[in-house]
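What TrEMBL says about this one:
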TRANSMEM  15-36  transmembrane segment
TRANSMEM  48-71  transmembrane segment
TRANSMEM  78-97  transmembrane segment
TRANSMEM  109-131  transmembrane segment
TRANSMEM  143-161  transmembrane segment
TRANSMEM  203-227  transmembrane segment
TRANSMEM  248-273  transmembrane segment
TRANSMEM  293-315  transmembrane segment
TRANSMEM  322-342  transmembrane segment
TRANSMEM  348-369  transmembrane segment
TRANSMEM  381-403  transmembrane segment
TRANSMEM  409-432  transmembrane segment
Amino acid sequence: MAEPSSKKMRIIKTCNLYISSISSGISMAVIGPVLLNLQEIVHTDTEHIAVIYTGRSNGYLFGSLVGGVLFDVTPRKQLLMTVFNLLIALSLLIIPWSKYIGMLTGWMILNGFSMGALDTGLNVCVLNLWGKDSGPYYQALHFMYGFGSLLAPLIAAPFLGDYHEDDSTNETTSFPNKTFPLDTMELNFSNSSFSQNSKIPSITFAFTIIGVFAALVTISFFVVCIISPYDTNENKNDPGSQTKKNGLLFVIMIVSLTFALLFVETGTEIGFAQMLTTYAVKGPLRLTPVMGSYMTSAFWAAFTISRFASIFFAIKMKSLHLIIMDLVLVTFGSAILLFLAVSKEWALWLATVLLGLGIASMYATVISWVEHYINITNKVLGLFATGAAFGEMVIPYTISYFVEKIPEVLGFVVGASCILSIILTLILYLILRNKQDKYLEQEGISNAAFEANADKET
């Protein structure tokens, strides 16, 4: 079989990376809208269903570390991504059939591991395929993830059950061999949660749609793997030279602070998106699951629009300026969520949109910003993905653990994350402002702050 030209093959592989990013976005975002349905399937409450977030985040964490090593040492990246896409498809198809919390958690761990390794690989491959020209392609990759996240609640919405709470006291409800007192509000779903004339949960069809799409992505990668199993590496930077120039301590500081910032940013993104439906239903507004799903969709719509716009903003704006704009939007969204959204539905909609717009481009923009001062290797990208995975584990779990008893915890956590993001960004700025931009250095240009600092040292 004749292999297409190098440029055409790069375009084909890039398109594959994009559809895989869409699949990853759908897989990550779908759990939030269907959380109450999964809770009903395994017969547990919101506090205990939170273990699936911990399981998937631990899997994502381990997958990010493993992926950072595997994609760094093997030239057969297409084969690795084929395998991880297959595992994602398999886990999605089986998740709604899990009748026990342990089984559900196990498949969520596999799903998280596969996504962690795959997400690291997607980022690495875009950088390797396009090298110094990877900027817009990298932003577009993250846009595709946001687009997939937007699709997830829309796919899930038609298959969600009708939810209501009964304030029943001194009553009991019978389950096989067990009787439980109903001295607190009880979770109920109408028969629409399950398909007509069967015991198959209706959300099974949503997961089947998503799983089949992931399987088609797997087939696409497998075809490319046969045609061109090896990737060319256009990223020729020597990581050692930059480390020697700036010093190991400087690199460690930047990587550590970026790790922490991505921890906060990604954890807030996933925590808010996954718990928004639960907050809308169980919080003071007492909305329906379908309305909560549409709010989640609005978040991902704003998220996707912002990521698309960031492709063009990145051409005209410095990364730091884009980060500041994002933080302003997140600050306003957090304030509205804390002080107005507890009593007004329109305020929850507005806060949701502002947070989606502000959070969207932070991940890619932060990495693009620090990449001007240090070389981002595959292992460093793996560490950044690990930071994001820690955030996805800690922040959603914290929210889900308390949201049933204290729904306002969603606003508290988002507000605290906003403040911490501002502090970390300020520290990074203070460290980097006196350092030379490596691309300006290559062109023989020095930034003013660097020159002023150099004059002081001499």
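Along the chain as shown, the residues are counted starting at 1.
Cβ coordinates come from backbone N, Cα and C, glycine included.
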If you count Cβ pairs under 8 Å, which stretch among 78-97, 143-161, 322-342 touches the transmembrane segment (15-36) the most? 143-161
Non-local residues, at least 6 beyond the ends, that sit with Cβ under 8 Å of the transmembrane segment (78-97): 13, 16, 20, 23-24, 27, 38, 41, 67, 70-71, 104, 107-108, 110-111, 113-115, 117-118, 121-122, 125, 201, 203-204, 206-208, 210-212, 214-215, 217-218, 221-222, 224-225, 228-231
So which of 48-71, 293-315, 409-432 is most in touch with the transmembrane segment (109-131), counting Cβ pairs under 8 Å? 48-71
Should the transmembrane segment (409-432) and the transmembrane segment (293-315) be scored as in contact, given a threshold of at least 3 Cβ pairs under 8 Å and pairs 6 or more apart? no
Taking a Cβ cut-off under 8 Å, which residues six or more beyond the ends of the transmembrane segment (381-403) line up next to it in the same chain? 46-47, 49-50, 53-54, 56-58, 60-61, 63-65, 67-69, 72, 112, 116, 119-120, 123-124, 127, 255, 258-268, 270-272, 274-275, 278-279, 282-283, 363, 367, 409-410, 413, 417
Below 8 Å between Cβ atoms, which of the listed ranges 48-71, 143-161, 293-315, 348-369 makes the most pairs with the transmembrane segment (203-227)? 143-161
Who are the long-range neighbours of the transmembrane segment (348-369) in its own chain, taking Cβ under 8 Å and residues 6 or more past its ends? 135, 138-139, 141-142, 146, 258, 261-262, 265-266, 268-269, 272, 276, 280, 285, 295, 298-307, 310, 313-314, 319-320, 322-323, 326-334, 336-337, 340-341, 376, 381, 384, 388, 414, 421, 428, 432
Stretch of maximal Cβ-Cβ contact with the transmembrane segment (143-161) [cut-off: under 8 Å; candidates 48-71, 293-315, 322-342]: 293-315
Determine which residues of the chain contact the transmembrane segment (322-342) at the Cβ level, with the cut-off under 8 Å and only residues 6 or more beyond its ends counted. 283-285, 310, 313-314, 348, 350-355, 357-362, 365-366, 369, 408, 410-412, 414-415, 417-418, 421-422, 425
